[in-house]
Amino acid sequence: MTSPTYKHWIQTNEWMMWVSMLGTFVFLGLTFWKRKSYPMNLLFLAGFTAMEAYAISVIVSFTDNKIVLEAVIFTFGIFVALSLFACQTKYDFSAWQPYLFGMIWVVILFGFMNAFFPYNSKVELGYGIVCALIFSGYILFDTQMIMRHYHVEEEIAAAISLYLDVINLFLAILRILNSQQNSN
């Protein structure tokens, strides 16, 4: 984020972040409600994407541009490699679903507990690594679900699944790189 004016605006208007968070859930619900109603599903998906993009831009505005670029490159490389692997392997990742779901709840609970303790770069690093591993697993799982199990009419749900996997992987990598910079 190179525009100082936009960076200042995005960091000082926190009400927009609340609108974005609420809008994300509203559009996500509308998208699933109308998931088979073309073109409404695409409009709701676009609204969901716009709300998520704003939320990510707020997070990115507090991070050094070099770290953001590195996180984008790492995320892209990991996503492409994992997707290619999931498409060509004979291993079935659908058995991972209950374990990934359980690990997500552990990470969520740890995130809530971490909010009450002082910042520690080693804890942030560990949290980021665990999140990156979990969402890498979700990329494998969701890519394979798209290739082998989802019906053609479920493209919106499939797109949201992969989109959220990539966004969360990006945020985990951003957390890892940022914790490394803060510990130096």
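In case you wondered, yes, glycine gets a Cβ from its N, Cα and C as well.
Please treat TrEMBL annotations as automatic predictions, because they have not gone through curation.
Remember, predicted model here, so these are calculated numbers, not experimental data.
As annotated by TrEMBL, transmembrane segment applies to 15-33, 40-61, 67-87, 99-119, 125-144, 156-177.
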Cβ under 8 Å to the transmembrane segment (40-61), counting only same-chain residues 6 or more beyond its ends: which ones? 1, 6-7, 10-11, 16-17, 20-21, 23-24, 27-28, 30-31, 34, 68, 156, 159-160, 163, 167, 170-171, 174
Residues of the same chain, at least six outside the transmembrane segment (125-144), with any C-beta under 8 angstroms of its C-beta? 78-79, 82-83, 85-87, 92-94, 96-97, 99-100, 103-104, 107, 110-111, 114, 158, 161-162, 165-166, 168-169, 171-176, 179-180, 183
Best-contacting stretch, by C-beta pairs under 8 Å, relative to the transmembrane segment (67-87) and drawn from 15-33, 99-119, 156-177: 156-177
